[in-house]
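Among the features that TrEMBL reports, domain 'EXPERA' is placed at 41-186. What TrEMBL records for 12-31, 43-59, 100-123, 130-148, 168-187 is transmembrane segment.
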């Protein structure tokens, strides 16, 4: 009896997960290098932002292109194969669903550029760092909500939760990460803005 899950025996599944792991490793290496001398919190934020930008530009960017010139289902290549694999869990990604493509266009252009700007703001300690961080995190959370809420409202006909790989890895993990980490970064911004406000208060004035 094999201890290796049958779902991962598929070359497409294994290759897609390896590509995602390679992007994560690249994000970690780049973020660690950029975060030398920064606090541990900011260093981890930079690691995430580097990974975030890589995903937006190298995975979601090609998805938008493939969807505008045709569809993932009718395309070939490494990136198309990855999205075909993900499409087994959410069929909308295979057939150029207008809502998904519209969100991804916004994600690639706006979120990708905001991630790069935030990396710069953290490294250079710019005054607008937390404004950009809050904006990016809200955009990421909005994108996640609009990806799934419309489908949930009609009974999730496009989602395939028939096995653990599709449900817990493709749908829950890969989408949940873009909820959890932006949520944590929003909390960080809240704490830092509170500290700045306390610092600027006049002595003796009670903070609420």
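Cβ coordinates are placed from backbone N, Cα and C, and glycine is handled just like the others.
Predicted automatically and left uncurated, TrEMBL annotations should be read as such.
Using DSSP to sort the residues of the domain 'EXPERA' (41-186) gives these counts of helix, strand and coil: 118 helix, 2 strand, 26 coil.
Packing against the transmembrane segment (12-31) from elsewhere in the chain are residues 43-44, 46-52, 54-55, 58-59, 78, 81-82, 84-86, 165, 169, 174: each is 6 or more residues past its ends and has a CB under 8 Å from a CB in it. Using a Cβ-Cβ cut-off under 8 Å and counting only residues 6 or more beyond its ends in the same chain, the transmembrane segment (100-123) has close neighbours at 34-35, 38, 42, 45-46, 49-50, 52-53, 56-57, 60-61, 63-64, 67-68, 92-93, 129, 132-133, 135-136, 139-140, 143, 146-147. Outside the transmembrane segment (130-148), and at least 6 residues removed from its termini, the chain residues within Cβ reach (under 8 Å) are 52, 99-100, 103, 106-107, 110-111, 114-115, 117-118, 121, 175, 178-179, 182-183, 185-186, 188-189, 192-193.
Confidence for the domain 'EXPERA' (41-186), expressed as mean pLDDT, is 96.
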